[in-house]
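The next block holds one structure in the form of structure tokens; read it before the comments.
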Amino acid sequence: MVSQGSPTSLLEALSSDFLACKICLEQLHTPKTLPCLHTYCQDCLAQLAQGGHVRCPECRETVPVPPTGVAAFKTNFFVNGLLDLVKARACGDLRAGKPACALCPLVGGTSAGGPATARCLDCADDLCQACADGHRCTRQTHTHRVVDLVGYRAGWYDEEARERQAAQCPQHPGEALRFLCQPCSQLLCRECRLDPHLDHPCLPLAEAVSARRPGLEQLLAGVDNNLMELETTRVVEKEALARLREQAARVGIQVEEAAEGVLRALLAQKQEVLGQLRAHVEAAEEAARERLAKLEDKEQVARAAAAFARRVLSLGREAEILSLEGAITQRLQQLQGCPWTPGPAPCLLPQLELHPGLLDKKCRLLRLSFEEQQVEDGGKDEAGTQGGPESQSQQEVAAKPEGQSGVQPLPPKEDKAQSPQEDAGPQFERGGRSNKKKKFKGRCKSISREPSPALGPNLDGSGLLPRPIFYCTFPTRMPGDKRSPRITGLCPFGPREILVADEQNRALKRFSLNGDYKGTVPVPEGCSPCSVAALQDAVAFSAGARLYLISPSGEVQWRRALSLGQASHAVTALPSRDRVAVSVAGHVEVYNMEGSLATRFIPGGKASRGQRALVFLTTSPQGNFVGSDWQQNSVVVCDGLGQVLGEYKGPGLHGCQPGSLSVDKKGYIFLTIREVNKVVILDPKGSLLGDFLTAFHGLEKPRVTTMVDGRYLVVSLSNGTIHVFRVRWPDS
């Protein structure tokens, strides 16, 4: 229970929780020590005993209960001595009334005794002034240390009292333990020494301690060495885990980039093939139209001549027919001699030919390799073992696309009988450009989700996008929680601290950025915090259809009723932290610290009335508002007057509703898309730049996010877990 390292002072032991039972959380009563050296109340251990065993609540070690019960466990006389000292200091309150003298009733004084002003450290009795003077003058007690009672209760004489304190025999009250029975290893008083230990060799306590202290100190030194080794190993394990996570994050980014590069190349080939297809069809259609026009002209001429000849034959007189016979005959013979149907036009039907690798299940464009970390100096590695490739346990993970060094590509199956026309098809690049033409044959494999759009022209391939660096992860469920957490709000709260709105447990929980639990900010009874924001010495949160502003101690400063037309209301603090904004039925209301409505606007002005539904809302360091509009299915950026500066509703949302929003110190927007387990980046104007986090980074149904210090992105998951990532820009 006492911290390891330097010896703990008596004052620290008395003022810490060393004397508190870890089961009942009260001061130890009849302390019993288990073999694992953890001490608890005897009654608490009796309640834990099951089946003849007790499981230590701290180290989880199972200990058999002695046949006579938990009372047979070792009595912790060390804790008893400290408890006696604490009880003596706490006995009687000098402000409420002075303690009584312990000797006055014994010498014929009043039954209650006079007011005590001194204390004998040897007798452990409170004395009045007269008894204290007499105590110093008797032969038996003139060597006793009598001190001022006020100073004693202030702790001035704790060390002296501790030195003169004697452990009391549990079998003979009033008798101090003075001997150690060597065969029985039992502490004895003078009464116990007579029977049944009369014939046993016994040593005074001072001699016994002097004889046994070196052995204990030697064992303690050995354990200290083990603790140092454990600490070193723990540090090495943490560093190895951090390296593994960092390398895994890098490889994940490489996988994303390689996959997106392949997808972009495939999409480019798709556009090229579709363009060729359109050009071929347009040329064929143009040629067909020209042929059809010629055929229609010939048909019209022939029909006109046939109609004229038929009309002359049916309606003309003999002389008329004979006069026109020559002309009609010549024209009809001319028409019969013309080719009525042109030769067969070339009809080139398009066929899709796929690369054989797309049909080969063994073909892998991406592959992982696992390599052991090499020791640089050839000496001891970081784990403390001798160097050498075989002694390394840390594995590095590397993922490379096909065609790059370190990965051997799987060759696609080739069609042995290829025609020259088949050789003209497109091909994949492997290890540089190849002049060999591969035949595409088969059908395309469907993709489960749309790839993210290509990066903006100013960032594409330039490496200017930030990279996530894993920082830590921690759960938010605390021992007092009755239900699994449902995190509906996050916000920065003080230096490197976050405030978590747990709607399910009706709590505002405080955590450090490292995951240390710092307690809660009390909320009014019956309130289930939804969205939360931290202001100057105050906390604003929405619950139901109300907006609350409370102090860090939980005192309600004001509350405001909100519209009932919205299930939840997003809350955010302005950069100055002296105002709070809340989304209400498609518009934004801004309140000052006194609870007065400072401004109210609709993104896009009155023309957008009834066309907005801002479910998530945040602000940028530049003072702009960023919201997730579920009615327009877009991310909208506007200034403090409601003028829209930018709006994104493109394919980067994957057809999903935009989720939680956070903005870093540069004004870049981090948007959560829960359905596809992603966090994407938008520029300050709302244009999509690319992916920041994906399912590979451990995102499983991300719920809400917040940005701490402008460079730590905090992401909460639906199961109550929180991930923290550092946003690393290339120029940082």
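Placement of Cβ uses the backbone N, Cα and C atoms for every residue, glycine included.
Nobody curates TrEMBL annotations by hand; they come from automatic prediction.
Annotation comment: TrEMBL describes 227-305 as coiled coil. Feature annotation from TrEMBL assigns compositional bias 'Basic residues' to 433-446. Residues or ranges marked as domain 'RING-type' by TrEMBL: 21-60. For 164-205, the entry in TrEMBL reads domain 'B box-type'. The region 'Disordered' annotation in TrEMBL covers 374-460.
Among residues of the same chain six or more beyond the domain 'RING-type' (21-60), those with a C-beta under 8 A of the stretch's C-beta atoms are 1, 69-71, 73-76, 79-80, 83, 86.
With a cut-off of 8 Å between Cβ atoms, the residues of this chain six or more beyond the domain 'B box-type' (164-205) that come close are 75, 77, 80-81, 84-85, 121-122, 124, 145, 211. For the domain 'RING-type' (21-60), the mean pLDDT of the prediction comes to 87.
For the domain 'RING-type' (21-60), the DSSP-based tally of helix, strand and coil residues reads 7 helix, 11 strand, 22 coil. Mapped onto DSSP helix, strand and coil, the domain 'B box-type' (164-205) counts 7 helix, 11 strand, 24 coil.
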